[in-house]
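Since the structure comes first, as structure tokens, the remarks are kept for the end.
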Amino acid sequence: MPKVLFLPHKILLPKSIECEAQTGETILTVALRNNIKLEHACEQSCACSTCHCIIKKGFFSLSGWSEKEDDILDKAWGLQSESRLSCQAVIGKSDIEVEIPLYNLNYTVEY
């Protein structure tokens, strides 16, 4: 079973939490199951950037990203080359480390 290490966050997570994950589930699913209150304004439909996270380890073990996710990420605060939407990033077989940015933009697109 892969493990997800959520790194400390000033408001949401005072200390790191390591969680077990199932291959094939999203980072957001793991966070919510472990009571990490990661925002997700669009209810996991890839229409906002509130669940933006930065993958510090294991980026290439996650599923590939879609053009839609890439477009939404362009609007995320603090975008980095290892940024993903946690509702879209599907966990593979390797352990990952996730940083939750201090801020997010509640930018939503209606399709």
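The backbone N, Cα and C atoms fix where each Cβ goes, and this holds for glycine too.
What Swiss-Prot says about this one:
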- Cys42, Cys48, Cys51, Cys87: [2Fe-2S] cluster binding site (BINDING)
- 1-104: domain '2Fe-2S ferredoxin-type' (DOMAIN)
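Apart from the site residues Cys42, Cys48, Cys51, Cys87, the chain places the Cβ of Leu28, Glu39, His40, Ala41, Glu43, Gln44, Ser45, Cys46, Ala47, Ser49, Thr50, Ile72, Leu85, Ser86 no farther than 8 Å from the centroid of the site's Cβ atoms, the recorded [2Fe-2S] cluster location. Neighbour counts were taken as the number of other C-beta atoms within 10 angstroms of each residue's C-beta; across the binding-site residues Cys42, Cys48, Cys51, the minimum falls on Cys42. Listed in sequence order, the residues of the same chain lying 6 or more apart from Cys87 ([2Fe-2S] cluster binding site) and placing their CB within less than 8 Å of its CB are Thr26, Ile27, Leu28, His40, Cys42, Gln44, Ser45, Cys46, Cys51.
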